[in-house]
Each structure stands twice: as C-alpha cells, then as structure tokens.
C-alpha cells in the first residue's frame, strides 16, 4: 500500500466514527483490548476529535501506533503521524512533541529526528520539552549510542538548553548501553553544575549498578544520595527489593516495612516481588495471602501478578485455585501469556476438568485476534479439546461475559 493510499485509508477510517463519540473511560478500555489495527484507528479518531485532554490523546495515540508497529505497518504509521502536521495545533510544542514521541515508540527514529528538524518550518518553538522528547525517542528506538551525540550537538545547532530531565535521559542511555561508569561521570558533572538530581535519575543508575553486579557500589550511591537530600521514591526501593527477592522473604518484607516507615507507599510491584519470593520458596499460602491483600493495600494486580501466581499454582498442581485466578485476570483484562496459560490448560485436562479447560480456551478465543490464536488452536487439538460452536458455554465463559461486553 503506497503512502498516499495509506493516508486516504486512514482518513476514511477517521471519518467513520465521528458520529459515535465514546466516553473517555470506554475509549481507553477499548483501545487496551482492541487488537485490530484499523478498529484501533477508528477508536483513536473518536477520541482525538472530541476530547481536548492532552493526556488522553497521547495515550490513545501511543496505543494506536503500538498496534500498527506490532504488525510492521510502518507506512501507515508514517501516514498517520504526518497527517497530524496539518493540524492547527502543530505550532504548539507539546502537540508536536507527541509526534516525535510516537515515532520513537515505533522505532522510527530518523522520522522523529526529521520532525524535530522541521520545527522552524512548521512554526513551532523549540525548547527543552521537544529536545527531551527527541532524546527519549532515541532511547525508545534502542539507539542508545546516539543519545550522547545528540546531547552534544543539538543545543548549539538549535539553541536549546538541556535541563535536569535531559541529563536524566542521557544517563538512562548510558545505563541501557551497559555503561554505568559513564552514567556516574554524568552524575558528577550534574553535581558540579548544580543541576538537580531527580529520584528517577538516581534510580536509573542504582539499578544499572545492581544489574552489573556492583551491589556494594549501588549501596554507597544510595547512602550518598540520601545524605545529599535526594528524595528516594518507591521505584528506588523496588530496585532494592528486586535484587533481594530471590532469597529470603523476610528480607523482602523488611524492605517493604522500611519503605512504609519512610513514608512511602509500597505498590503492586513491591508486593509482586514479595509474592514471587514466597512462590519460589514453596510458600504458596503466604503468596496467595499477598495476592488477596492487594486491594486492602490500595493496589491492583497487574499482568505480572497473574502470570506469576498462575504459573506457581500450576507448578504446585493447585489447578482449581489457578483457574479462579485466571477468571479474575479475564475480568480486569490482564490475561497472562500463552506459555503460562498452557500449563493451566494442560493441568485442567490432567485433572479431568474438561469443562473448565474448554471454557478457558473459549474465553481466550474471544479476547484475542486470530493471528494470536494459532498456538492455541494447536494446543486445543493436541489435548482433544476442539469442539463445535454449539457446545455449552463454560464456567469461565459465563463469568467473563460481563467483562467482554
């Protein structure tokens, strides 16, 4: 499909839904669960034309581009993003920055750079906002080694001044390129220049040091930053927890308590590490209590919660409980990956729970597009679960019905 044809196709799609405006929450929900790229474009059009919220528009745009990128529809992505340059808001730097960001998310960094270079032509002012978006797009495109070059060249070329966020993105590129020593050099440079070191920047280096096996160096940095008054946040504590959760659950619990005593709220990630630690140590009752206690701790289970718990419940052959957790994952649109669910289906068949096994597969078929279901079809046939569409609805299918409508 040529670029012009793609653009006409996208414009046609963008006009088909103008008459049926979605509520904000409904649009977000549909975008999260819609795998058909053209339908995602239609949903995006409804959102972008009728809501002025920059946050919602960016969220919708990111999801739409992500859907297209997964199918390698890069010509369509280009047509989609380039069409936004005709919008009157193009002279607003935050609006143009979302286009740079989207190109980065799609791995199309050269297009992101071209858009940044076009800002004078488009009449858009250029500040640290768009500069930082460009650097982030470079990181998102996995061109980590290009970030330092851009950081050095762009300020003099376009008259922009790096800020604390710019330095943080530069440090992130060094850490992603497995160069924590360069990240530390940049940190010292920030200190010399009196540039504020944010908690995000600190956590990025802290994580990189741990990842490289320099735990002692990481702890020294932690102590140094705390003494200097850098506000350690939940993300920093989660990095600490991540590197101890392979051992004793007591150590993880102690860090969570330390976190709470410091006035920070442990989040889903914190509790996931604790739950995983219990699972790895065969303490499934304790792990399940953590899962059940999430709501009481003002947290919601995420995809990792369901994936981990279902996997270890299956490993301990508690397929009934794993099936109950699966049903909850359906309700909140967080169904785990194929490999995890494969263990559960095989376990249900092993325990002669054919109705539940069939119900699980029927639910999966309703939630995912055909191209994702090839492996499921093979598994279904291999386990002798293939059935006609007239079969009675399963327990999971019935209980998930409300969530799928």
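Each residue, glycine too, has its Cβ placed from N, Cα and C.
Taken straight from TrEMBL:
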- 92-126: repeat 'PPR' (REPEAT)
- 163-197: repeat 'PPR' (REPEAT)
- 198-232: repeat 'PPR' (REPEAT)
- 267-301: repeat 'PPR' (REPEAT)
- 302-336: repeat 'PPR' (REPEAT)
Beyond the flanks of the repeat 'PPR' (267-301) by at least 6 residues, Cβ under 8 Å: 234, 237-238, 241-242, 245-249, 252-253, 256, 259, 308-309, 312-313, 316, 318, 321, 325, 328-329, 332, 334
Intrachain neighbours beyond the repeat 'PPR' (198-232), with Cβ under 8 angstroms and 6 or more residues off its ends: 164-165, 167-168, 171-172, 174-175, 178, 180, 183-184, 187, 190, 239-240, 242-243, 262, 264
Counts of helix, strand and coil residues, the repeat 'PPR' (267-301), according to DSSP: 25 helix, 0 strand, 10 coil
Across the repeat 'PPR' (267-301), average pLDDT on the 0 to 100 scale: 97
